Amino acid sequence: MDSDKIVPLNNDSRRCVVFHTDSDDYRCLVILTVKRATGTFSLIGCVFMLFVIWLLRRYHSLAQKMICSLTVAAFFDSVAYVMGDSHPEGSLCSFQAWWLTYFDWSALAWVCLITVNLYLNLVKEMSTTRYQLLYHMIAWGVPLVMAFLPLFFGCYGPAGAWCWITDDHIAWRFGIWYVPLFTLIFLMICCYTRIIYVANERMQSWFGTFNPERERRKVSLAEEIKPLKWYPSVYLLVSLFPLINRLHNAFYPQDPIFFLTLLHVLSAPLHGLANAFVFGLDRDMWSQLTPTGIQVALQSRLCDSTRIGEYHPGAVRYTKADLGDFSEDDDDDTNVLFFSPDMTLKDRGP
């Protein structure tokens, strides 16, 4: 055995890829802990939303189904942020990057489609039920394209606290995510501005005699718009610090700033929790989530013993029409089915 040959150890898995230092760097430990914590909070928020949707059966209308789909996408997006440590370059890292890109895009697509659906319903006064399949094709199909493009061109790898598009592919980062993200946020804000303007105009133009149905529609319209208008604002807030940090990475890829990275990992994984916050703005939902309301809803979901059985009528007897002859024999068990001019049913008396 040649003792002069020294086999170098591969320490890539022990290095902190966030700050390019050893894995025991306190900064790296703080960043990874915060990343897991915020991802876990988002995961809990999504589970809460899915539980409430199931408990209160909020999945019948198209808008409710779209919010449920958004929650599912945000749930799997949160899973990506709690995936272990920061991985070195490899297949596991590429999978995490693909997963993150896909569900980030899917959640964003559902927020955009919820905005479009509300715009078509309110401003254009269109029924959008027939678009349900198209919405699913867009929200699950377009993210596939956006997630696979960087994979095919080898752009995925270590990118800070998680795997994503690497520092060597800055144009891909902004072309695949940040430019479309802020463009769509701006368009959504414009849509909601128009929606709120039209809604206010219609509520002020409804005048005349009191109409209960019209008043109900006004209240329903205001309640529907109120929580949904916060989705673009929430996405804008949780995306600002990641954008600032990625811009700094673009100019100084080898010199990450701890404070900017910390703000990045504090905000980026919060999509699920932010959606839960918007979901929680529904006052009607909280009025049903009282201890008694939850107990009744759980009994309805888990202990519903209602059965639909076949109705077996008793014997039906018809008698000839004789208005002057009323029999006193009312002890037989007969049922009334219908009446025709040429026959009368036996009068059973009081």
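Even glycines carry a Cβ here, placed using N, Cα and C.
Heads up, TrEMBL stuff is auto-annotated, nobody curated it.
Annotation comment: TrEMBL describes 31-187 as domain 'G-protein coupled receptors family 2 profile 2'. Looking just at the domain 'G-protein coupled receptors family 2 profile 2' (31-187), the mean pLDDT is 90.
Annotated transmembrane segment per TrEMBL: 37-56 (among others), in sequence order. If you look at the transmembrane segment (37-56), the same-chain residues 6 or more away from its ends with a CB under 8 A from one of its CBs are 64, 67-68, 71-72, 74-75, 77-82, 265-277, 279, 285, 288-289, 294, 297-298, 301.
The transmembrane segment annotation in TrEMBL covers 63-82 (among others).
As annotated by TrEMBL, transmembrane segment applies to 102-122 (among others).
Below 8 angstroms of C-beta separation, residues 66, 69, 73, 94, 97-98, 101-106, 109-110, 113, 117, 165, 169, 172, 176 of the same chain, each at least six residues beyond the ends of the transmembrane segment (134-154), sit close to that stretch. Summarising the annotation, TrEMBL assigns transmembrane segment to 134-154 (among others).
Per TrEMBL, transmembrane segment is recorded for 174-197 (among others). Within its own chain, the transmembrane segment (174-197) has Cβ neighbours under 8 Å at 101, 104-105, 108, 111-112, 115-116, 118-119, 122-123, 146, 149-150, 165, 225, 228-229, 231-233, 235-236, 239, 243, 246, counting only residues six or more beyond its boundaries.
For 228-245 (among others), the entry in TrEMBL reads transmembrane segment.
Among the features that TrEMBL reports, transmembrane segment is placed at 257-281 (among others). Non-local neighbours of the transmembrane segment (257-281) in the same chain are 18-19, 27, 30-31, 34-35, 38-39, 41-46, 48-49, 52, 67, 70-71, 74-75, 77-78, 81, 104, 107, 160-161, 226-228, 230-231, 234-235, 237-242, 244-245, 248; each lies 6+ residues outside the stretch with a CB under 8 Å from one of its CB atoms.
Here the transmembrane segment (63-82) has Cβ contacts under 8 Å with residues 35-36, 38-40, 42-43, 46-47, 49-50, 53, 96, 99-100, 103-104, 106-107, 109-111, 113-114, 117-118, 132, 135-136, 139, 162, 224, 268-269, 271-272, 275, 279 of the same chain, all six or more residues outside its ends.
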